[in-house]
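Just below is one structure, and these are the notes that go with it.
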Amino acid sequence: MATTKSFLILFFMILATTSSTCAKLEKMVTVLSIDGGGIKGIIPAIILEFLEGQLQEVDNNKDARLADYFDVIGGTSTGGLLTAMITTPNENNRPFAAAKDIVPFYFEHGPHIFNYSGSIIGPMYDGKYLLQVLQEKLGETRVHQALTEVAISSFDIKTNKPVIFTKSNLAKSPELDAKMYDICYSTAAAPIYFPPHYFITHTSNGDIYEFNLVDGGVATVGDPALLSLSVATRLAQEDPAFSSIKSLDYKQMLLLSLGTGTNSEFDKTYTAQEAAKWGPLRWMLAIQQMTNAASSYMTDYYISTVFQARHSQNNYLRVQENALTGTTTEMDDASEANMELLVQVGETLLKKPVSKDSPETYEEALKRFAKLLSDRKKLRANKASY
């Protein structure tokens, strides 16, 4: 009798724990963030292809897409382009691009996008081909049509303020319901590289609203993870299904942040003696590299510290290559040879350990994330069916 009683107590304890875990997983907000970095977007594209493949395998569904699993997908610069590709609907209201289509997109269009304009007074590239291909691929689709919440950053040089394009903010700011191709060009219009982008939308009163935008990296300095988390928090607070989530409650966030690679630990370091001889132009190029590397590091440091403080370190995964060398460090080298190298970087990165203190590889960590994303999606689907 005592044995039976003990068994029943243990059974109900396990049942209660399982129910609690399922409830927490069901209410978890899932976030994908993709850095900027020009042609180096090939690196996170490789990671996205692997993750989407894992989701298709876990759910036994070849039509599974990343937008089906993430509440918020955010990106800046080339990361904004990737965000649009995997969230913009086609005629069947499914993402117009699968993750496996992204790398071929770079190979086909990258050499034309980064085709030197020959101008000595304007930007290095005229941006005409980039805008043309974005118009062809994204059509007349606007922000409100995105298949999940998006967070794509840009910076308005006329108002001197960041501009964040999200679905959830359209009720308050309908002028932000811009065409996706305008948004994508704007977030990629890096100073020095591409011309700023001007376009108009309309306010709720029908008045013209002007945008004068440049690269989202000016606003988020390359890593939009904090921006994406902020949008996810606001989204959660406005959705009754997530009413239990408090502001920036990272215990109920699942964040995957994808970098485009840095060289901060290896190549292109400088001495004070070298820098003392630089002119303004040399400083401009170096500062951009330094700022991007430093910002990426500090954003990762802050987020990982907060997740650890909340005992939720397994809810955050930063996938980043810190050992880029040679041509792979350049955001505009779209030669076939360099793009092949970037593919190799991404594929090799999957086999590397997440940290020096953990034997878990990025590949294993992404498989773990895929299982969590799949389980959470199934829990929500089951609840919705009742």
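The backbone N, Cα and C atoms fix where each Cβ goes, glycine too.
Per Swiss-Prot, the range carrying the annotation motif 'GXGXXG' out of 36-41, 258-263, 264-269 is 36-41. Range 75-79 is the one annotated as motif 'GXSXG', of 75-79, 90-94, 115-119, 355-359 (source: Swiss-Prot).
Asp215 (active site, proton acceptor) and Ser77 (active site, nucleophile) are 6 Å apart (CA-CA, integer value). The list of residues near the motif 'GXSXG' (75-79) in space but at least 6 beyond its ends in sequence, with Cβ under 8 angstroms from a Cβ of it, reads 33-41, 44, 151-153, 187-188, 190, 215-217, 219-220, 222-224, 227, 258, 260, 331. Comparing Asp215 (active site, proton acceptor) with Asn115 (N-linked glycosylation site), their Cα atoms are 18 Å apart once rounded. Around Asn115 (N-linked glycosylation site), the C-beta neighbours below 8 angstroms that are at least 6 residues distant in the chain are Tyr125, Tyr129.
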